[in-house]
Amino acid sequence: MTLQPLTAVNCAGLIQPGFSLLQLDGEVLLFGQKGWPKRSCPTGVFGVRIKSGEMKLRAISFSNDSCYLPPLRCPAVCRLDPYDGLPESYLIHGGRTPNNEISSSLYLLTMDSRGCNRKLTLCCKEKELVGEVPGARYGHTMSIVQSHGKTACVLFGGRSYMPAGERTTESWNSVVDCPPQVFLFDLEFGCSSAHTLPELSDGQSFHLAFAREDCVYFLGGHSLTSDSRLPRLFRLRVELLQGSPLLSCETLETGISISSAIISRTGPTPRYIILGGYQSNSQKRMECSTVILNEKGIHFEPLEAPKWIPDIIHSRTWFGGSAGEGSILLAVPTEGRPSQADMHYFYQVSFQAEGDAKEKEVTQGCSQESTEFDDSTPLEDSEELYFGREPHELEDSSDGEGGNYNEEDEEDESQTGYWIKCCLGCQVDPNTWEPYYSTELHRPAMIFCSRGEEGHWVHAQCMELSETLLLRLSQGSKRYFCHDHGGLPYQEMTPPRQVMSPKRIPMKVKDRKTPPTIKMSPAKKSFFRRLFD
C-alpha cells in the first residue's frame, strides 16, 4: 500500500467535506461541489483525473431532458448494478444544499451517451415516492436488497432539523436524529413504506452500510441523543414476499466504534476496506479494516495502515472517498497556515499490491460534512443553467487541458456569494452557527468592509453590532470599515455607478417606390380633361 501526495491543479477550492463519489461507465465522478454550480460547470458534476501526482477536474454535461440536480452535501448515495436490461445508475437521496437547507428529493443518475471523443453525458431524473415517504435528512444510507427475484431499496438513519413547531430563534439551526425507522421502497412503482423494529431504538447517522443479497449490515454511527459512537452492528434481513415485505433485525457483537469512515470495494466479490473516520469527537480512527461478506455473515480483519505523515496524524479532521477498487482519495485541512493558499492537503491511498500498482488515470471524489461556502453564487433554477451541449461543442472538446476546470476562469463572485468568507478572527462556524438576530434566520448577518479596491465580509457578531444598527447600516449604499481597517465611524458614500445610456440607432425605413407618372403633351391633357368632364 502507498500514500502519495497530490497537487490539486486549479480545483482545490471546490473539493470540500460533504462530497460524494460516483462511478459510471469506468469514469469516477465528483458530485456535491462547494457552493452552487458555477458558470463553467452548471451541472455541478465533475470528472477528476489523477496522473503523475496531479489532480484535475473536468466538467460533465447533462442531457437536455435532465432535471436540475443541486450540489447536495452528505446525501445517501447508492449504486445500482445493471439488472433486467437497465443500465448502471446511482440513486441520490437527501443531503444539504449550500444554503443549509435539507433536501427530501430522490434522483436517479444514469449515463446518457458518449461522444465521439469519449466525452460523457449524464441524465438526471427526479423520482417521486408515494406512501410513507422519508423526510428530509442527511448523513443517512441507502442500500439495495434482492429477494425472491425482486429488488428494493433500504433507507435508514440520518439527521434533520427540529420540527417547525419546536424551532425557536435560539434553536433554529439545531439538528436532531431522525426516528430509527427503516424505509423500504421499490424502484419500479415508487411505493414507500416505513417499518419500526424494536432492535433499532436510537437514531444514528454517518454510519456504514454493507448489503449482500437480502441482508444489510449497519455498522457504527454517531447518535446525538447520547453523543456517542457505540460499537453497534445490526443485521437487517428483508424478505420481499408477495403482498407486504417481512423485515427482521438482529444485533451482533462484533461492531466497531466509528463514524464518517470511507469504504472502498476491492473487487467483484463483497469485500471492502474501511479507512478513516472518528472514534470520538477528538480522536480519529487511524486503523484500517477489511470487511468480508459471505453466506455465513460479516467478518472483520485488521489491515495494515499506511505510514501516516505528521500532517495527517496531527490534523483534527479528515475526509475522503473511494477512487475505485482499493484506491482512496484522502484530504486533511491545512488548519490556518497562512503560507498555504489551498485549504486542504490531498493524498491518494492505494491498497493494491506493489506488483499490481500501475499509473492509471483515475477520477476521484470526497464525502462528509461541509465547512464554509465562500466564493459561491446562489443561482436560481432558471439562471444560467443548461444541461445539454451542442454537437459542435462535443466535437471540439477533448481530454486535454482545454476541458479541465480552472478556478481562475471564473468571475469574481465574492460579493454575491451566499456564504461569504469572513475575516481571520471570525469565531462563527458556518456549520454550527446559531441565529443571534432575527435577521439571521436564513443566513448570518454580514456587512462588507471596504479597503481600497479589495474588501471582505465580516459577521456582525464579530463587530459587536446591535440588530437595529445592523438594519440601519444595511440600508442604502455605503462602505464601512471594520475594526481592523479603521472602525465603523469612518464611512463614505459609494460613488454612484455611471450607467451609459444606450445609443438608439433609428430603424432603417424601407425605400418606398413612388407611383409611375405618365408624360403627356398639353393637347392630350386637354383632350382627356374634356372627355371625362
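All positions are counted from 1 along the displayed chain.
Positions of Cβ are set from backbone N, Cα and C atoms, glycine also.
As given in TrEMBL:
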{"type": "BINDING", "residues": "Cys422, Cys426, Cys449, His456, His459, Cys462, Cys482, His485", "note": "Zn(2+) binding site"}
{"type": "DOMAIN", "residues": "417-495", "note": "domain 'Recombination activating protein 2 PHD'"}
{"type": "REGION", "residues": "389-413", "note": "region 'Disordered'"}
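Cys482 (Zn(2+) binding site) is surrounded by 21 other CB atoms, counting those within 10 A of its CB over all protein chains shown. In this model, the domain 'Recombination activating protein 2 PHD' (417-495) carries an average pLDDT of 64. Residue environment of Cys449 (Zn(2+) binding site) contains 22 other Cβ atoms, counted within 10 Å of its Cβ in all protein chains. Neighbours of His459 (Zn(2+) binding site), defined as other CB atoms within 10 A of its CB across all chains, total 21.
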